[in-house]
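Some features that TrEMBL has for this protein:
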type   : residues : note
DOMAIN : 1-225    : domain 'PUM-HD'
REPEAT : 68-110   : repeat 'Pumilio'
Amino acid sequence: MAPDNNPFSMSTMSNALQHIRGFAPRASDVPDTRLKRLFNLMTRCEGVGQFKDLTSTFDQSQLQMMASLLTSDSEYFMEVVSNKYGSRRVQKLLGISDDVDAFFYGAILQRFFDIMTDKYASYVAIRATVVFDQVKKHVMYKYVLHYALDIARKQHGCIALNEVLTDADDPLYRNRLLDVVARDALFLSNDPWGNFVVQHVLKLYDLRCTYHVAVSLWVWWLWSF
């Protein structure tokens, strides 16, 4: 029989996952068991050394397998990235290769709002906007633009949005995002979390944005009398 060269076959995944401490393949093993062991590897404080050792020895196909497992279910992925250690370890996997990124790209977009407004998961999305290729970045920027006002009014979302505003390397999308904040500066300034976003864009010292924020607030002040 010809060897199984499919990197996503059950036999290949089993071979890769057996490197995880405590993983002993048995005939009765099921995918849920493997996912649980991978979850523990990603989310436990004491797993940092093991994660580093494992990923440093994996080749590209094995890293793709790992990314495939992590993103195989949106709820599972959300649980991993919502964890302090899970978030950090997923961030370590981003930017390794376009093939690995493709798995995380789809998973992030599927739960984009939930991820951007979560305390720990948001850092995965922020990291993705920095290391993904330009095509993926542009799609993510479009999602940010679409959800910007809702993200801005969440406790952790406002922090994530501020990070994206600071790190965005595409002038067009950055200016469009600044325009969204400036246009709705009054609306955001009256929200306890949105107000932080307005303050942040003013600290960026973008003269065009600052002018539009001032106009937005001045018009409200003028009509209030």
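Just so it is clear, glycine is given a Cβ too, placed from its N, Cα and C backbone atoms.
Summed and averaged per residue, pLDDT over the domain 'PUM-HD' (1-225) gives 87.
With DSSP classes pooled into helix, strand and coil, the tally for the repeat 'Pumilio' (68-110) is 34 helix, 0 strand, 9 coil.
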